[in-house]
Amino acid sequence: MFSSFTRSTVSKLVNGSGASALINARTYYRMPSVPYAQKGLKPFLSERSISFHLEHHKTDIEKANNLVDQTPYRDLPITQVLRQAGGDSEEAPFFNLASSHFNQSFFWKSITDRITEPSVFMLKAFRMDFGSFEEFKAKFSRNASSMSMPGYTWLVFRDKSLSIINTFGSGSPYELEGAFPLLCLDLHERAYYLDYQTNKKKYIANFWNFVDWEFVENKFLNALVQDKDHKQSIEQALVEEYEREMYAFDRDQQSEKDAYIENAKKQTEQALANKDDIDFDDDLEQQLDKEELDGRFAVEEETSEDLYSEDDFQIKK
Amino acid sequence: MISRFTSTNLLRGAVRYYGSTSTSYTLPDLPYDYKALEPVIAGEIMEIHHKKHHQAYVTNLNASLEKYAAAESAKDVAAMIGLQSAIKFNGGGHVNHSIFWTNLAPKNAQGGVSPSGPLADAINQQFGSLEKFIEKFNAQTVAIQGSGWGWLGYDKANSKLVISSCANQDPLSTIGLTPLLGIDVWEHAYYLQYKNARADYLKNIWQIVNWSNVAERYSKAKRLKHIHDKIAFNLVNLLYSIHWMDNRIE
């Protein structure tokens with residue numbers, strides 16, 4: 001925000017006063033807003049569990065802020081830090097804290113107490129990459145429950161497709177080239193131990209009722225800003241799917257009609273062949289007679305006159 | 001070099017033996033009741049830690065070793081390699097927790113009683129005093145990122161005590177040290193009682209550390225080092241004599 005020249009002159013001016021500590025110690029990382037922290041997310045996570053987890057998260061943020069000024073990543077946004085600092089062994093403690101902060105924040109944002117549903121666009125993307133929405137949930141849950149070491153399970157968009165990855169400890173999804181995280185589930189013991197102890201499967205099953213699908217879709221659309229072709233291909237595929245379904249509906253109706261007529265013809269032929277009395281539908285016949293007498297099916301006789309005569313179009317002299 | 005060779009062969013033999021017969025690893029019993037370590041560690045934690053977590057490591061270790069034996073007899077090297085991380089994780093978990101249960105004792109049964117004898121001498125010599133050792137150990141262990149173990153280990157090569165730490169369930173042998181005292185800082189070891197206050201857990205746990213067990217492990221490690229050195233010395237002598245005899249025969 002301030003150039004280094006301004007920063008150094010300002011710091012020289014105020015170095016004598018106690019204000020230097022306040023001005024030089026800028027806070028870079030902040031806790032995101034967690035609106036459900038007061039009430040909790042029953043029956044997924046209790047308020048108690050969330051509050052202890054938030055305390056742990058706060059200490060991570062403080063430690064990261066204490067370290068960030070001494071690193072070369074002080075002015076970068078956190079996603080850039082995570083992309084670049086992964087291989088930096090000197091700044092490994094800082095990277096671990098920053099990654100841990102990002103991962104935990106992403107988890108707080110991935111869950112909500114509002115009732116949300118995945119949009120049609122999101123569902124089509126799931127169908128394209130996993131077969132169905134249920135299969136995606138099953139695969140994500142399997143990935144999550146197979147993690148014996150603490151970490152996170154992520155839904156990421158990468159290489160024009162959605163995929164599910166696991167990160168361990170304080171690993172970051174940004175360590176994978178070109179990956180955009182969309183959704184995560186925290187599998188550290190501190191996230192679920194107070195409420196579920198060893199019953200991780202129940203924790204994962206409850207998670208699906210509290211996912212913030214609007215957040216997931218926002219992240220997906222942000223990622224697709226850089227890949228408009230893929231977004232168009234999803235929309236195109238969605239339209240095609242609708243059209244196919246509509247035609248299928250008409251075709252089904254048509255085939256039903258044909259089948260009915262075929263069946264009726266066969267029955268009549270059989271009856272004639274067996275010289276049975278054809279079973280006329282008496283009610284229908286009476287109704288048809290009545291309608292004919294009422295004149296509903298009266299066919300107008302064609303007149304020889306056209307609706308318009310030639311005289312109408314001639315200028316009367 | 002020699003010990004790694006023999007230990008790998010021993011492992012192979014053990015895998016072949018244990019994989020092919022019905023004997024397998026079992027959950028060891030605790031030498032005390034679940035509630036005996038209160039108020040330092042709640043009985044609820046001990047029960048879940050022992051019955052669920054340690055049992056899971058044992059069960060999964062047996063399953064992995066069975067699959068490993070099957071892969072070995074089918075000569076499927078890729079499958080063998082794929083199973084190694086599961087063996088390391090579950091086997092490490094079993095080894096570490098088996099040591100951990102013996103490292104602790106109730107307060108009325110040796111728990112928290114300061115060490116004496118050669119171990120105490122070594123601690124005082126290397127760290128200054130028991131309090132300074134505990135301070136250093138706690139500082140290092142509380143800083144472990146995520147899940148792992150804090151260890152007091154014995155470095156056979158240099159005959160020294162070492163404060164170390166390992167991530168996840170890696171056993172201390174992966175660093176080449178002999179484990180003497182391990183403190184589990186996975187969250188399941190303390191979260192139900194101490195929540196996220198790992199420092200408080202580490203401050204209190206010294207009240208139930210069974211130093212006599214640690215001293216036993218220390219003297220055993222030193223004896224083994226002594227025997228190991230003797231064998232190595234004799235073996236080297238033997239090789240030199242054979243070489244000399246070869247030259248003489250010519």
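Here the Cβ of each residue, glycine as well, is placed from N, Cα and C on the backbone.
Note: TrEMBL annotation is automatic and uncurated.
For the Mn(2+) site, TrEMBL records B:HIS49, B:ASP184, B:HIS188, and the single candidate of B:HIS94, B:HIS97 listed with them is B:HIS97. Those binding-site residues from the list B:HIS49, B:HIS97, B:HIS188 that have a Cβ under 8 Å from chain A Cβ atoms: B:HIS188. With the fewest other Cβ atoms inside 10 Å of its Cβ, the least crowded of the binding-site residues B:HIS49, B:HIS188 in this structure is B:HIS188. Spatially close to B:ASP184 (Mn(2+) binding site) yet at least six residues away along the chain are B:HIS49, B:ASN96, B:HIS97, B:PHE100, B:TRP149, judged by Cβ distances under 8 angstroms.
For the domain 'Manganese/iron superoxide dismutase C-terminal' (B:115-217), residue counts in helix, strand and coil come to 52 helix, 24 strand, 27 coil, using DSSP.
In sequence order, B:HIS50, B:HIS53, B:HIS54, B:PHE100, B:TRP186, B:ALA189 are the same-chain residues whose CB sits within 8 A of the CB centroid of B:HIS49, B:HIS97, B:ASP184, B:HIS188, the residues recorded for Mn(2+) being left out.
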